[in-house]
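K.L.:
To start, I am sharing the structure in question, which I have written as structure tokens.
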Amino acid sequence: MNKVLQLGLQSSVINVAKFLVVPLRSLRVGSSIVGGTRSFNKRLMSNATVTVKSVPFSINNSKGKELKIVGAATDQNCLQMGSDIGRAEMGTLQDDRKDIEAMTVQELRATLRKILVHCLNMKLGLPVKGRKQKLISTLRLHMDSNLPDQKETTSSTRSESVTIKRKIRNTEEPTEDDCSNSEAYGTEQGEKRVKQSTEKNLKAKVFAKAVSKEQKSLTKTGKQQIHSKEEASSTISSELLKPEEMISSLSQSEPWTVLAHKKPQKDWKAYNPKTMRPPPLPEGTKCVKVMTWNVNGLRALLKLESFSALQLAQRENFDILCLQETKLQVKDVEEIKNTLIDGYDHSFWSCSVSKLGYSGTAIISRIKPLSVRYGTGLSGSDHDMEGRIVTAEFDSFYLINTYVPNSGDGLKRLSYRIEEWDRTLSNHIKELEKSKPVVLTGDLNCAHEEIDIFNPAGNKRNAGFTIEERQSFGANFLDKGFVDTFRKQHPGVVGYTYWGYRHGGRKTNRGWRLDYFLVSESIAANVHDSYILPDINGSDHCPIGLILKL
């Protein structure tokens, strides 16, 4: 059905099963994405376990008697536990159990600490605090767990414990330094403390449960029950993996669902397109679906082998696609047009002539527009030399696709941006609005409010978040009757559309909202959905969409 540009964008989260499958005539550039649904419940536990072996050592009790204690020492190459301990030594251990009763609380604590340090070389969660009876039970449990007929069970349990502890420790994110440039973001100290506290409590609960279960088993049966390695690891895994899987899913597979902001307000929420989009319109409802995307170089996108825009068209079933920062030259346009597929027969391209391979915009549509114009229409205007505006007229509205100039390093173009460009674009829109409502879309290169950027305090003098740009955005667009559709639909939602490459902001959801759909106030009530697609990669921006009832 569709004739759309083969964009070749990279996306590891595109679900081909959700695509609208219809006959297509493919003229492809690049190759298609491998189908299938990505797992959002990524497991933290690997199948590899750390095996352990028993190592004897001794301490003296208050009466000067030597007690032999068996501890577990980690050994990656050891296949089973207790190979260094004989049954004669175990008999000595059984005799020494009586002497444990005579130990003081301080001696019990010192013994347990010595087990942790000497035997394990890492903390396995054995309690060294509490009442005397609890310490005695713990020490006895440790000694009982190393008896010959229970070596395999204890080995399995402690193996899994070591693995669990290491996995928890490895999931702690490194702290990033606070940065003030437009692509670098600091780490919120409050979030760090909360996370550390949560993980600490999680560890304590898991190992307390493990010890408690073994104690209950001894009390009930009078002897240690023997379980298989699989049963032991399954018991601990079932208690630990559920919360860890949730953390992994949020922070790794779907980072945009984690609220990332340096100064969040208490009622703010992270944007989740799975839960925050309205249900589809009833079948037969007349509407148009528009998508816009800063592709940051169309030719580079086409070279990616992991995605084809055929999947994007099938998944989203859009009517119109707007592109910014195509970086094409005029001579490239015909070649690109030849890569279109059935359905999207109408494409309109604006290229920079003042600086080749720079800027550039396009509109690709399966609806034939009534008219198309390029630039602002001002004769001889410098604004129209960089290919930043394409305007298409449809039956009930004008669609303006624009790539607003960045104020640049050192804010070299700030004056041009706010005093010339924004005013000229605003006047162009108001002139069109005299005959029809207007939809303005594209990369507007401004995070308008603090909710629209991860680190507002650190970027006040960086392009895209200066007070001058934000005031100009309000004065030339919002104050003149245009509605920010996403913010109207989601007043307290933190959703970003741009993440800088330099510091991996996308993985931690430290971004900016620079891409918009602004509409004339007269049709704002007709907006069914204004949404972000943060799961689509291939550029430092992600696509956004608008569903407008006609």
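Yeah, the Cβs are placed from backbone N, Cα and C, and that goes for glycine too.
For 146-197, 213-240, the entry in TrEMBL reads region 'Disordered'. Under the heading compositional bias 'Low complexity', TrEMBL lists 153-162. The domain 'Endonuclease/exonuclease/phosphatase' feature in TrEMBL is assigned to 291-541. Residues or ranges marked as Mg(2+) binding site in TrEMBL: N294, E325, D443, N445, D540, H541. Look at TrEMBL and you will find Y403 tagged as active site. According to TrEMBL, the feature active site, proton donor/acceptor maps to D443. Residues annotated as site 'Transition state stabilizer' in TrEMBL: N445. Feature annotation from TrEMBL assigns site 'Important for catalytic activity' to D515. Among the features that TrEMBL reports, active site, proton acceptor is placed at H541. The site 'Interaction with DNA substrate' annotation in TrEMBL covers H541.
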K.L.:
Which site among E325, D443, D540 has the most other CB atoms no more than 10 Å from its CB, taking these as binding-site residues?
P.N.:
D443
K.L.:
Consider the binding-site residues E325, D443, D540 and say which one has the Cα lying nearest the Cα of D515 (site 'Important for catalytic activity').
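P.N.:
The smallest Cα gap between D515 (site 'Important for catalytic activity') and any of the binding-site residues is with D443.
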K.L.:
So around the Mg(2+) site, N294, E325, D443, N445, D540, H541 aside, which residues have their CB within 8 A of the centroid of those CB atoms?
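P.N.:
Apart from N294, E325, D443, N445, D540, H541, the close residues are N296, Q324, Y403, Y498, L514, D515, S539.
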K.L.:
Take the C-alpha atoms of H541 (Mg(2+) binding site) and Y403 (active site) and report the distance between them in angstrom, rounded.
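P.N.:
Per the Cα atoms, H541 (Mg(2+) binding site) and Y403 (active site) stand 13 Å apart.
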K.L.:
Relative to the Cβ of N445 (Mg(2+) binding site), which residues of the same chain, six or more apart in sequence, are found under 8 Å away?
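P.N.:
Expected: Y403, V404, P405, N406, S407, A463, G464, E469, L514.
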K.L.:
What's the number of neighbouring CB atoms sitting within 10 A of the CB on D515 (site 'Important for catalytic activity')?
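P.N.:
Taking every protein chain into account, the count is 24.
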